[in-house]
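As written in Swiss-Prot, here are the features:
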{"type": "BINDING", "residues": "CYS150, CYS153, CYS202, CYS205", "note": "Zn(2+) 1 binding site"}
{"type": "BINDING", "residues": "CYS167, CYS170, CYS189, CYS192", "note": "Zn(2+) 2 binding site"}
{"type": "DOMAIN", "residues": "5-70", "note": "domain 'J'"}
{"type": "REPEAT", "residues": "150-157", "note": "repeat 'CXXCXGXG motif'"}
{"type": "REPEAT", "residues": "167-174", "note": "repeat 'CXXCXGXG motif'"}
{"type": "REPEAT", "residues": "189-196", "note": "repeat 'CXXCXGXG motif'"}
{"type": "REPEAT", "residues": "202-209", "note": "repeat 'CXXCXGXG motif'"}
{"type": "ZN_FING", "residues": "137-214", "note": "zinc finger"}
Amino acid sequence: MSKRDFYEVLGVSRDASERDIKKAYKRLAMKYHPDRNQGDESAADKFKEVKESYEILTDPQKKAAYDQYGHAAFEQGGGGFGGGGFGGGGADFGDIFGDVFGDIFGGGRRGGGQQRAQRGADLRYNMELSLEEAVRGVSKEIEVPTLVHCDTCDGSGAKKGSSAETCGTCHGHGQVQMRQGFFAVQQTCPTCHGKGKIIRPCNECHGQGRKQKTKTLNVKIPAGVDTGDRIRLSGEGERGEMGAPAGDLYVQVHVKEHHIFEREGNNLYCEVPVSFLMACSMAALGGEVEVPTLDGRVNLKVPTETRAGRMFRMRGKGVKGVRGGGVGDLIVKLVVETPVNLSARQKELLKEFDESCGGDAQLSTNQNLKGFFNGVKKFFDDLTS
């Protein structure tokens, strides 16, 4: 089955901006995330497809390769990150064609001789954050299996005490000439593999100049990050061969759903249930309702003649974005819990009860209302613990 176009997967045009691509990714990632679709293999596949599309289209080099060559740009074992918690990047797309045409025509690379040691692959680490961690910033310790510099040979790949010798097959050129009829074809030297030198391999890294190790890193996540944001740690990817520089590590952020707040940009949204009695009282007299924020509980003044479903904006109670732009707002929606199937006597008693409370009838036996305030209590207990 052929792969779908990455732009089609995200539902954006080919000239879409990075902001539009990120917005589309966030919407689809939330829709198909495994936490929301447990046991649904179709949703899991779509989530992977959406994530792959986002990673390609937000990387300038990979996007350029895809725009020119389509999926063929990543079918040679390079391009793109692997799955799981982290993954390795492949060879640069330009190098794929450099290898092919360089071998045939004896050019391709500058100098047409010894191969340069390749920079190490980039890695990706997927990090899940709570909303509180994303908003305030946090330091996280992570473990990343990778290839690191070999201390035994100091990255040279040669056995300690030995030195590199000129390859006798290609005489240090890194290439050999093969005659086929009337044609002379230059190919990578099979003895030194294009390096021009022969070494006695290091026992620790087997001549690669690098070895497998799990690194422990302390990653500082800046305040205000959101799902889809990516943090680059320069030089923390795989070490290159034979002393070549290391690649980079990209930390991909995913913010978990919150049981009270929903984030959209730098704004937060919250639904606050109020009892039927309290709603009636506030509609006539106005009043106050307690609202949770990221900084603690605050009282929201509700004017008279307030109807059910009205939205209130609490300025400066949202998120300070990682890219600036000021602090967002908290948008509060009052949801009235209406009792049903009341008899005439019950309605009369309800009215008397409201009057006896002096108009402050915030108490409710509704389970949704109880659940909300229990959730608020847990939220603030977690903040102070």
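A Cβ is built for glycine as well, from the same backbone N, Cα and C atoms used for every other residue.
The shown structure was predicted, so the numbers you read here are calculated from the model rather than taken from an experiment.
Locations of recorded Swiss-Prot features on the structure.
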{"residue": "CYS150", "record": "Zn(2+) 1 binding site", "contacts (Cβ under 8 Å, 6+ apart)": "GLY157, CYS202, GLU204, CYS205, GLN208, GLY209, ARG210, LYS211"}
{"residue": "CYS153", "record": "Zn(2+) 1 binding site", "contacts (Cβ under 8 Å, 6+ apart)": "LYS159, LYS160, CYS202, GLU204, CYS205, GLY209"}
{"residue": "CYS167", "record": "Zn(2+) 2 binding site", "contacts (Cβ under 8 Å, 6+ apart)": "GLY174, CYS189, THR191, CYS192, LYS195, GLY196, LYS197, ILE198"}
{"residue": "CYS170", "record": "Zn(2+) 2 binding site", "contacts (Cβ under 8 Å, 6+ apart)": "VAL176, CYS189, THR191, CYS192, GLY196"}
Best-contacting stretch, by C-beta pairs under 8 Å, relative to the repeat 'CXXCXGXG motif' (150-157) and drawn from 167-174, 189-196, 202-209: 202-209
CYS167, CYS170, CYS189, CYS192 excluded, remaining Cβ within 8 Å of their centroid (Zn(2+) 2): GLY168, THR169, HIS171, GLY172, HIS173, GLY174, GLN175, VAL176, PRO190, THR191, HIS193, GLY194, LYS195, GLY196, LYS197, ILE198
Cβ within 8 Å of the mean position of the Cβ atoms of CYS150, CYS153, CYS202, CYS205: remaining residues of the chain near Zn(2+) 1: ASP151, THR152, ASP154, GLY155, SER156, GLY157, ALA158, PRO201, ASN203, GLU204, HIS206, GLY207, GLN208, GLY209, ARG210, LYS211
For CYS202 (Zn(2+) 1 binding site), the number of other Cβ atoms found within 10 Å of its own Cβ: 22
Binding-site residues (CYS189, CYS192), the one with most neighbouring Cβ atoms at 10 Å: CYS192
For CYS205 (Zn(2+) 1 binding site), the number of other Cβ atoms found within 10 Å of its own Cβ: 24
For the domain 'J' (5-70), mean pLDDT (0 to 100): 88
For CYS153 (Zn(2+) 1 binding site): DSSP state (helix, strand, coil): coil
Secondary structure tally of the repeat 'CXXCXGXG motif' (189-196) (DSSP, helix then strand then coil): 0 helix, 0 strand, 8 coil
